[in-house]
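Annotated features in TrEMBL:
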- HIS100, HIS104, HIS110: Zn(2+) binding site (BINDING)
Amino acid sequence: MSPTFSIRNGTQQKIPAVPFLRIKEKVLGKKYDLSLVFIDETRMRTLNTRYRNKKTSTDILSFPLDTLSGEMFISMNDVQKKAKKFSLSTKQYLGFLFIHGLLHLKGLDHGRTMERQENSWCRTFSIPSPNT
């Protein structure tokens, strides 16, 4: 079976046109099977409580299922808030955040190595990074 990349919008919000497939294939490769789901703050809070024991919403959660598949959940409400905080457009911050989540799926944790990779991939796709 060939790898799939699915995007589901579980919100009423419009998702900005980010080249998700192109970014995913460059960062994780064409063989990686990824499900990307946009959810509201309430659902994100539920997931964050269940999997991280944090009773707040967050902008992104990434779950590697195995070496070639994973799931990613993004809260657009949180994306919009963080975009404002970093003086970026929603589309710009969403592009950065998607890269951030993909790097978590590759096994990277927060820190200097991850920031360097984020900055490098952001340059590749002409996306401003809040790290700089």
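Backbone N, Cα and C define each Cβ position, glycine as well.
Structure coloured by features recorded in TrEMBL.
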residue : record              : contacts (Cβ under 8 Å, 6+ apart)
HIS100  : Zn(2+) binding site : ILE60, MET114, GLU118
HIS104  : Zn(2+) binding site : SER62, PRO64
HIS110  : Zn(2+) binding site : none
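According to DSSP, HIS104 (Zn(2+) binding site) sits within a helical segment.
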